[in-house]
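Now, the feature entries from Swiss-Prot:
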ACT_SITE  Ser274  active site
ACT_SITE  Asp466  active site
ACT_SITE  His527  active site
DISULFID  Cys187-Cys427  disulfide bond
DISULFID  Cys321-Cys335  disulfide bond
DISULFID  Cys345-Cys368  disulfide bond
DISULFID  Cys352-Cys361  disulfide bond
DISULFID  Cys390-Cys397  disulfide bond
CARBOHYD  Asn218  N-linked glycosylation site
CARBOHYD  Asn516  N-linked glycosylation site
SIGNAL    1-18  signal peptide
Amino acid sequence: MRIATSTLLVGAASAAFAPQDGTQRVLNGFDSIKSAAHSIQKPLQTFEEAMASMTSEAKANWDHLKLLVPDAEEQAKTFFPKKPKPASRKPDSAWDHIVKGADIQAMWVEGATPEETHRKIDGKLDNYNLRARSVDPSKLGVDTVKQYSGYLDDEANDKHLFYWFFESRNDPKNDPVVLWLNGGPGCSSLTGLLFELGPGAINAKIEIVHNPYAWNNNASVIFLDQPVNVGYSYSGGSVSNTVAAGKDIYALLTLFFHQFPEYAKQDFHIAGESYAGHYIPVFASEILSHKKRNINLKSVLIGNGLTDGLTQYEYYRPMACGEGGWKAVLSESECQAMDNALPRCQSMIQNCYDSGSVWSCVPASIYCNNAMIGPYQRTGRNVYDIRGPCKDSGNLCYPELGYISEYLNRREVMEALGAEVSSYDSCNFDINRNFLFQGDWMQPYHRLVPELLNQIPVLIYAGDADFICNWLGNQGWTEALEWKGKKDYNRADYSPLTLASAHDVKPYGKVKSSGNFTFMKIFEAGHMVPYDQAEPSVDFVNRWLAGEWFAA
């Protein structure tokens with residue numbers, strides 16, 4: 001659903017280890033980021049083995065971390081992933097459609113000469129299959145539109161990603177298609193469906209409540225549980241970094257649009273929030289790297305995302321101390337302590353950016369999360385909405401997540417959707433911790449955005465009351481980003497955002513746009529903008545999908 005904070009304050013022995021031989025740098029370009037990710041995919045074998053590689057400089061960092069987190073060593077020893085939850089694969093006869101990636105990979109287009117003959121669709125797809133079934137709207141009552149659910153299967157690696165597709169309520173033959181991704185990492189996109197922007201929500205009586213401001217009012221939407229072992233998705237193994245998840249997304253979309261070509265000709269967009277600020281630049285880059293594809297990617301949208309940690313972490317102190325438009329929630333001494341910690345935090349993040357090494361990126365995550373987020377978190381306030389306290393710590397401050405979990409764990413719901421796991425959880429904190437301990441948290445995926453801007457429009461929007469991925473940091477990184485349109489973007493003026501229906505002239509936000517880059521600040525909204533500002537969110541999304549702020 002969002003940046004999950006239960007593991008923000010963990011200690012890590014890997015915070016102080018020497019770089020492995022052959023560590024790849026995450027600098028510029030998608031290929032270098034893929035190489036760097038490969039170097040961090042193997043988890044630590046034992047705590048003691050990792051400690052043996054500690055350098056004197058790393059030892060100093062580790063000693064500092066132990067002062068900050070006294071039980072860090074014990075927490076590090078218990079990091080290693082637990083067994084996946086039980087699952088039972090349904091027979092092929094339970095599905096209406098099965099698409100084999102090997103069949104798509106075998107499709108060729110004959111040219112006038114042998115040199116001009118080429119595969120119809122790029123990418124290694126032979127290990128992937130897609131299963132789909134029609135969902136009877138009358139059984140669940142979430143919406144009356146055509147729906148499909150199913151799994152993308154990576155047969156070679158025992159990975160199975162669950163998705164739920166809703167057709168547009170308006171004109172599905174022509175309306176765009178949107179892929180929605182929640183963050184975490186490790187939180188189910190079905191919470192986005194049933195809590196934020198989907199056609200229905202779950203109330204305290206575990207009943208469906210119609211959402212008149214659903215994003216599928218004017219777009220067909222795919223809600224995807226990813227990476228594996230999130231929501232209804234499952235695997236015998238795990239995914240611990242964003243790049244590894246990117247190939248699964250490309251395969252899912254390729255096979256889905258092959259099975260359902262009636263949606264393939266429409267414009268396609270990727271949208272998400274929170275840790276999707278990591279996912280989306282990588283996933284979009286993966287798609288665009290394949291020149292022969294059946295995915296008509298037109299834009300990406302990131303809401304209250306974690307995209308550039310170096311800039312984002314600079315703005316935690318201002319947001320908590322009264323400079324983000326809301327009153328201070330920390331004392332002067334606490335604010336000063338955050339100021340004092342910032343230079344070290346930024347130095348560690350920069351080291352992660354420069355090296356791309358897990359041994360640099362993990363300590364940056366641990367130190368900065370403790371020093372820059374910890375003081376706020378210890379107040380008991382909602383990290384996703386600075387305006388109030390955390391109402392339900394067992395459900396990431398929102399009781400509605402508990403309602404959703406109860407609904408999605410009902411046998412009749414799981415059967416209607418074809419879910420193959422034994423139970424549903426809104427967030428898998430093993431995944432969250434796994435991504436953190438493999439160095440993914442601080443990776444500079446924002447460096448992929450300039451190349452995206454050369455090809456497609458990018459929207460960054462942020463609710464102004466969020467703390468964890470606050471608007472100050474999101475505005476800051478968009479203005480710091482090095483790209484060819486930087487000067488014009490930074491000189492662009494803000495304009496008010498008002499509802500297109502014009503029945504209310506009071507602005508619900510403000511927007512600045514130049515070239516392919518657009519930033520929106522949404523008023524009176526926390527981390528989940530569609531939840532706090534339902535009508536405004538569907539307003540700006542519909543206008544964005546229609547191309548209102550796209551470069552001419």
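A Cβ is built for glycine as well, from the same backbone N, Cα and C atoms used for every other residue.
Small disclaimer: the values here were computed from a predicted structure and weren't measured.
Locations of recorded Swiss-Prot features on the structure.
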residue: Cys187; record: disulfide bond; Cβ within 10 Å: 31
residue: Ser274; record: active site; Cβ within 10 Å: 28
residue: Cys321; record: disulfide bond; Cβ within 10 Å: 21
residue: Cys345; record: disulfide bond; Cβ within 10 Å: 22
residue: Cys352; record: disulfide bond; Cβ within 10 Å: 27
residue: Cys361; record: disulfide bond; Cβ within 10 Å: 31
residue: Cys390; record: disulfide bond; Cβ within 10 Å: 19
residue: Cys397; record: disulfide bond; Cβ within 10 Å: 22
residue: Cys427; record: disulfide bond; Cβ within 10 Å: 25
residue: Asn516; record: N-linked glycosylation site; Cβ within 10 Å: 21
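A Cα-Cα distance of 5 Å separates Asp466 (active site) from His527 (active site). In three-state terms derived from DSSP, Asn516 (N-linked glycosylation site) belongs to neither a helical nor a strand segment and is classed as coil. Among the recorded positions Cys335, Asp466, His527, the residue whose Cβ has the fewest other Cβ atoms within 10 Å is Cys335.
Look at Cys187 (disulfide bond): DSSP puts it in a strand. DSSP gives Asn218 (N-linked glycosylation site) a coil state; it is part of no helix or strand.
In three-state terms derived from DSSP, Cys352 (disulfide bond) belongs to a helical segment. Distance between Cα atoms for His527 (active site) and Asn218 (N-linked glycosylation site): 23 Å, as a whole number. Cα-Cα distance from Cys390 (disulfide bond) to Cys352 (disulfide bond): 32 Å (rounded to the nearest whole number). Long-range Cβ proximity for Cys368 (disulfide bond), meaning a same-chain Cβ under 8 A and a gap of 6 or more residues, is found for Gly309, Tyr313, Cys345, Met348, Ile349, Met442. In sequence order, Ser168, Arg169, Asn170, Asp171, Asp175, Val538, Asn542, Leu545 are the residues near Asn218 (N-linked glycosylation site), counting only same-chain partners six or more apart with C-beta under 8 A. Counting in whole angstrom, Cys187 (disulfide bond) lies 10 from Ser274 (active site) by their C-alpha atoms. Nearest neighbour of Asn516 (N-linked glycosylation site) by Cα distance, taken over the disulfide-bonded residues Cys321, Cys335, Cys397: Cys321. Here the CA atom of Cys397 (disulfide bond) lies 21 Å from the CA atom of Cys321 (disulfide bond).
Secondary structure from DSSP puts Ser274 (active site) in a beta strand.
Of the candidate recorded positions, Ser274, Cys335, Cys352, Cys361, the one lying closest to Cys427 (disulfide bond) when CA atoms are compared is Ser274.
The shortest Cα-Cα distance from Cys397 (disulfide bond) to any of the recorded positions (Ser274, Cys335, Cys361) is found for Ser274.
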